[in-house]
Amino acid sequence: MDNNQQQQQQPPTSTQQAISQLFASEPYMPTSVNQEQTSSGVYNPTATSRQSEQPYQPQQYRPQGQYNPRGYDKPSGPAVLCSFYTKIGACRHGERCSKKHMRPTTSNTIMLSNLYQNPKLNQQVDGDDTAKLTEEQVQEQFDQFYKDVFVGISKIGKIDALVVCENENDHLNGNVYVQFSWKSDAAEAVSILNQKWYNERPVYCELSPVSDFEEAKCRAYMDGNCDRGERCNYMHVRNPSFYNIAALVASQRKSYLLKELDRLKKEVPSDHVTTVPTGGDDNNSNKKKMTKDETTAFLLQQLS
């Protein structure tokens, strides 16, 4: 063994000598390094092939899903709309529903929550447990309620439909839906009615997504054979007496026609002459020239 080999086997005598021997030793050559990477004899860590290396991409932030009582977040993805809320305007689960309640920003329909106090659910009269309302009494009270609501709300805008629910569950019981001819009237009604009280109770009103009441009504209840009771999520509609609704519709029509005539009266000159048909056809012999006041009187006569 020569002197150089003896010097390499001898342990370092000091820290400085140990450091010197460490840097003087052969560089570490990993077995997976290609020959091209070591052509210079020194391993270069930056010379590794990057053809198969994927660039680092930080994980994108993804907001957490809705709260789940089981302790985990629901997977993110397109929201699933609640069909009951979209079709009926109310859902049994309310804010706890796992599906999306898309509240409209504009609509022709408004909903007044639990406005109608259904006497069927409270048959006690003046504290007498034995006294119960007959069906005729219930209908009479309902007709008066329907008239009060119709007349009061029709002052805000023209009503196309008014529906009252008498379901036995909390989310539909007593709900009143009003469909206006114009969306602007519905928006104004929400603003006005939320400041009102009815029957010593505050009124809660909001825009509703309901557009087709025929789809929202329970057909079995309309036929008198719904056996789901409080579990039914479709509208159990109570209708007013026919004479009552007919009179209300005619009164509203006359009221809005008077408003329109009053508006035209202010815009049309007093000496303006209008040709008005007085017969059943459009022949000139059945037409009469009338002044503005005569035209107004004639049209009002046609309404009577």
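Even glycines carry a Cβ here, placed using N, Cα and C.
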Stretch carrying zinc finger according to TrEMBL (options 184-211, 212-239):
212-239
Look up zinc finger in TrEMBL and report which of 76-104, 134-162 it refers to.
76-104
Taking DSSP states H, G and I as helix and E and B as strand, how many residues of the zinc finger (76-104) are helix, strand and coil?
9 helix, 2 strand, 18 coil
Overall pLDDT for the zinc finger (212-239), taken as the rounded mean:
91
